[in-house]
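Structure, as structure tokens:
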Amino acid sequence: QTKWNLPAAYPADNPHSENLIAFAKDVEAATSGKLQITVHPGASLFKAPDIKRAVVTGQAQMGEVLLSIHENEDPLFGVDVVPFLATSFPDAMKLYQASKPAIAKKLDAQGLKLLFVVPWAPQGVYVNKPLATIEDMKGLKWRAYNVGTARIGELVGAQSVTIQAAELPQALATGVVNSFMSSGGTGYDAKAWESLKYFYDVQAWIPKDYTFVNKAAFDALDKPTQEAILKAAATAETRGWKAWQDKSTWYLDQLKAKGMNVEPPSPALKAGFQKIGEQLTADWLKKAGADGQAIVDAYKKM
Amino acid sequence: MANLGMIELSFILLGVMILLLGSGIWIAVSLGLVGFVAMALTTSLPLGAVLATTTWSASASWTLAALPLFIWMGEILFRTKLSEEMFRGLSPWVQWLPGRLTHVNVIGCGIFAAVSGSSAATCATIGKIALPELDKRGYDKGLSLGSLAGSGTLGLLIPPSIPMVVYAVTANVSVLQVFLGGFLPGVLVMVLYSGYIIIWSLLNPSKIPPRDPPMPFRQKLRESSKLVPCLLLIFAVFLSLVLGFATATECAAWGVTGALLLAWWSGTLTRKNFLESIMSATRLTCMIMLILAGAAYTTAAMAYTGIPAALATWVQGQQLTPGMLALYLSVMYIILGCLIDGISMIVLTAVIVLPMVKQAGLDLVWFGVYLIIHVEMAQITPPVGFNLFVLQNMSGRDTFTVARAAFPFFVLLLASVFIITEYPEIVMFLPKLAFPD
Amino acid sequence: MLRRALDLLYLGAGYAAGIFLVAIFAIMMVMSVGRQFAINIPAGDDFASWCMAAMAFLGLAHTFKRGEMIRVGLLLERLHGRTKQIAEIVALGIATAFILYFTRYAVQMTYDSWRFNDVAQGVVALPLWIPQLGFAGGLAILSIALIDEMVNVVVGNRPSYELGSPDETPDEFIERISQGGGG
Ligand code: NA
Ligand code: NA
């Protein structure tokens, strides 16, 4: 009997964590308990930034992480968060298929085997006032938490504010921040409606969580167990994509029910974002080079 | 070794911990070694790598950065004599109460808790002021140490509070609601503490020194005007938070700024005082941080062993009413609270406890306050209790001596848990007032 | 000569820790006040976190030498003479072994960060080995301080972490604390 640990960053009732727990159960059932995977959700074993490194160095055998947080390490890891490249679930799936070989190869070089990938809800803009055009974003106190959001803030002329995720609800309540970009789910979790009244469903990008396994640990298993894992992984991927499509509508309904104005962007606002998107895609392509261009080309052909 | 039973393992670890602590190994090292033994017995993972990752990750923390600043603020205030003036401002008004100046511990900590998000910092700041003063006047050491240890924990219950933020994020509830929920229970705990001090003093009249010479009302007011700078500082920090100038963490920096301004204004901000305050705050922080690092490693090791999860699952298996559930959880949290730090306690158990709590129909804001009171208890139970460490460091008394002195206040915290379980409105009144849905 | 150099090392690292405390304060104030004037420190939260870690570990040796690292003294306080010396050597030996082990892996992690080109995930992609130097370095200095102390106790001296003058009473200790020296 083998026991594995799977550190995950999000709370136990987050659909990602629920999916991982179901995955662990599937594996246990398929191997008749020969491989037991303990999921450690809510960053209770390792925090999000440390999970990949922990699996690489064998501190845990498996891990799940929002891969785009590692975009500083390798621009390819940031392919999911290039604004307006893939803005719907079908597109996100295509982008995933287009980028999978390159990313799996990168992970493989670090000693990781990619198992499955599950999306989050599309990203929109939470803000304290109505936005007719992109110019209305000038002067907003905009939460910048990674290279992409900092650059968006810079391009729209907003004032970038550095706030940790844990302090976001309080920062919203006291007006330290009055706008940020995130998914319907994050705003729901942060109870954004208590301070901000508008959510623009601009669907800027769809970030994804990647679940991987330490290659050496995987190779040490017998063939049937390996196959059980791969089969459960495929099931988890399908289940995860389905769950998030349902969930993202549900989140938006919840925001509406709590009194937020949930709206699609006006054509003018959308055009403004598209222009920024082009700029940021160009930025990204410059960093990601030929590999990045190949992914985008493959994606556009799909 | 993988088949080692959970119960055997728990006893082995407890034994190792007691042995190490007993033989005078530094507490941070003992904690780290217990984590090491736990992992070595249950996993074949790289222990050293986990040690490095978890300790680095726990120390390089934005929210923790408030801790040294609040400690520094206390060190500055201490050197300005402002702390003494605060003491003198409060003391004329509590002379008539049985227990006299001991109440200054409770009220002082209560006031300071309104700017500090940490229990250890509250305890250290007020302790620096009150311990020598009470000692000089010959107050009972047990009572002054115990009331300080207990009152210091108010730093967690009266907002702002670092563990409340951690809980709110973990449980997916509004931070502000949990903050508001903690306020009245904070007042309740202060009343319980003061009530206990009064009763104890009536029972032990010989152990309370005579009152200071009586003072005409005007002079009392004049003495209390010395409180104004302190209250102004607290008000300014509070305002920086409410008006959106600062986050909960940054308001610690505002506290330091305020303290520096007051020191400059009162003419006590000498170069020597300034440098000493920095080095003193640095050493106290380093001491606490190494323990926190050891605790972070042990927490990770425990997550690997599955002991905390097993404990929580066992509670879940008992088919309980909400009241009984709260009781069982109390037992679990008190045991865990002896061994691990409060934030780890919240994070480690949330996985299994929160769904269970929801299922039992308990309100998550209420549960947050309930949990924070247990975190408060954890600060004053040995062998791992941060207020005990702070007071051990400040008073030169042993951890267990301080813990024994703090025991009545531990019981009072437990009583407050029973009270808020019986009357949940005490917690829910303010959150419902602000968020009427 | 060596004595002087070692003491200077502990104190110097302690001062460095103090400087990082001031840096945390400065970063937070600039972040907070700066918001009112549209000034932002990119990744200010990351920089404050790194200062926090550097401070926590660089000050350890100084804190240890000053006797402010706490332990349960219940048993040790009752021992005298040769037994006490042996007990101290055992405690120091275990602590030294653990901290050396800790240091070894902290250095390994820092080296790996450099080798794998691990960078920060926020707005500023700083290579992580830079802030981790304070972590690994602080632990290395603590290791040296522990070995130094071990030698000191083995040759029969009183441990230097046993505070100030040899016959300090508890009241004097509190007095010293209240004058601000002792944390
Ligand atoms: Na507080
Ligand atoms: Na405790």
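Glycine is treated like the rest: Cβ placed from N, Cα and C.
As a whole-number mean, the pLDDT of the domain 'Tripartite ATP-independent periplasmic transporters DctQ component' (C:24-153) in this prediction is 92. As annotated by TrEMBL, domain 'Tripartite ATP-independent periplasmic transporters DctQ component' applies to C:24-153.
As annotated by TrEMBL, transmembrane segment applies to C:7-27 (among others).
Under the heading transmembrane segment, TrEMBL lists C:47-64 (among others).
Counting same-chain residues at least six beyond the ends of the transmembrane segment (C:85-103), those with a Cβ under 8 angstroms from any Cβ of the stretch are 71, 75-76, 79, 136, 139-140, 142-143, 146-147, 149-150, 153-154, 156, 159. Under the heading transmembrane segment, TrEMBL lists C:85-103 (among others).
Annotation source TrEMBL lists transmembrane segment at C:123-147 (among others). Beyond its flanks by at least six residues, the transmembrane segment (C:123-147) meets 6, 9-10, 13, 16-17, 20, 42-43, 46-47, 50, 53-61, 64-65, 92, 95-96, 99-100, 102-103, 106-107, 109-111, 113-114, 117 of its own chain at Cβ-Cβ distances under 8 Å.
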Close approaches to the transmembrane segment (C:47-64) from elsewhere in its chain (Cβ under 8 angstroms; 6 or more beyond its ends): 9-11, 13-14, 16-18, 20-21, 23-24, 27-28, 41, 124, 131-132, 134-135, 137-139, 141-142, 144-146, 149, 161, 183
Within the domain 'Tripartite ATP-independent periplasmic transporters DctQ component' (C:24-153), residues counted as helix, strand or coil by DSSP: 98 helix, 3 strand, 29 coil
